[in-house]
Amino acid sequence: MIKHLLSGGDLDADTATEILDTAAEMATVAGREIKKLPALRGRTVVNLFYEDSTRTRISFEAAAKRLSADVINFSAKGSSVTKGESLKDTALTLQAMGADAVVVRHPASGAPHRLANWVDGSVVNAGDGTHEHPTQALLDAYTMRSRLGRLAGLSVAVVGDVLHSRVARSNVLLLTTLGAKVTLVGPPTLIPVDIAGALAPGTDVSYDLDSVLPNVDVVMMLRVQRERMNDSYFPSAREYARRYGLDGPRMRRLPEHAIVMHPGPMNRGMEITPEVADSRRSTIVEQVTNGVSVRMAVLYLLLGGNNR
Amino acid sequence: MAYPPAARPSPPRQPSVKVILASADVQRVVDRIAHQILEKTQGAADTVLLGIPTRGTPLARRLAERISTFEDVVVPVGVLDITLYRDDLRRHATRAVGPTELPSGGIDGKRVILVDDVLFSGRTVRAALDALNDVGRPASVQLAVLVDRGHRELPIRADYVGKNIPTSLAESVKVTLAEVDGVDEVKLYGGATS
């Protein structure tokens, strides 16, 4: 097993499948009266969040607690970071407190990679800038597998703000490893030139959502990340919604079995309409539930044994 | 200058292997345990058999099958994975987690009989008791094993024993079952060669 989980590309097909299989077992715990396993008793997991997050932080916290680990939550707001402490000094402080794993979210791409060189414990990337978010890709893969029964051969459209999306990057890497075919869809201004070749050869790019929809098994809508947009990438929100938003009529162009995913938080009315988000095809709530199981599996596989 | 004579290589020692139970013996032993369960539980009502993977699982299925042949009662069978409850998790590379499958009727208020192939230190059974505690509240818990090889490290004993095999710690006992390994056998490896 690997020591850190920094990128969707860190995982080979066997390891990724092991995580998904383990997650399936962890999911059974959620149905029990006692939702607790003793596997990580006495281990300390630090949630180091330099960026706002609801579901990822809570999901990691629930996962660590269900495995009986001790959880320390750190958010940059209200910490010494506001006094100017650097990431490295914060990391050394955590190291001195004996953190066995650090779950880190940071606005700078690559921050978890730097952190992995400074601490002895395992580092899990919970989202770094516009770079990667591997546990989100794992929970997306888990959701697709549980809904559609397989990953190999699936056709997945990732639609929207690919430029700023760490979810898209991790998903392209992981899904390609697991045998799915990914098509990136969005306005040309929001799809980096040659991203497909740089991430995973075999990935397609399209600027026309309507032509892609009839041939996919999964459509994954990305949030339009206005907080990261310094320029205008499209003329207006209405035009974006019109061309790249998933609404009822577009959803009905999908094959009968196809599912609609969204990593959350959603801009309802922008990239997805309420009709789609609340439809039978939508897996958005399932994704949150599955997130806890997948993160339990990741924490167990990184920390459960003696992998030094 | 005289060198001491080189040590003569001793002939390669064949590790000794002894078959303790052959295929037919294993079947007879399973039959006997099934009878003992019926006798001790007065007909195996409200009883659930839970196999501990890997080889406890097929053993539990066989016991249930024999019990239904002998007395025409259906005993629910389940699987109890104990990986996450082991006390040696941190001494090994991460272990793969297997499925736990409880019978549809659950285990609350039932007599649960844990089934495993070899009883040795007792640590597996301790982990199984902990796991059981998290999935329900049985009325009572019993233990059935194919082989008891001694050397307990915890105060645990089996209610049903197929075969007691006195061993030294240098020896190892290997149970193979048709469902998992292709053949039913109990073998003793190592120890004194004489």
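Glycine residues also receive a Cβ, built from the backbone N, Cα and C atoms like all the rest.
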Candidate from A:R105, A:R226, A:R228 that TrEMBL assigns to the same carbamoyl phosphate site as A:R55, A:T56, A:H133, A:Q136, A:G264, A:P265: A:R105
Overall pLDDT of the domain 'Aspartate/ornithine carbamoyltransferase carbamoyl-P binding' (A:3-145), taken as the mean: 93
Integer Cα-Cα distance in angstrom, A:R166 (L-aspartate binding site) to A:Q136 (carbamoyl phosphate binding site): 9
Among A:R55, A:R105, A:R166, the one of these binding-site residues whose Cβ has the fewest neighbouring Cβ atoms within 10 Å: A:R55
Where A:P265 (carbamoyl phosphate binding site) falls in three-state DSSP terms: coil
Nearest-integer angstrom distance between the alpha carbons (Cα) of A:K83 (L-aspartate binding site) and A:R105 (carbamoyl phosphate binding site): 19
Distance from A:R223 (L-aspartate binding site) back to A:H133 (carbamoyl phosphate binding site), taken between C-alpha atoms, in Å: 14
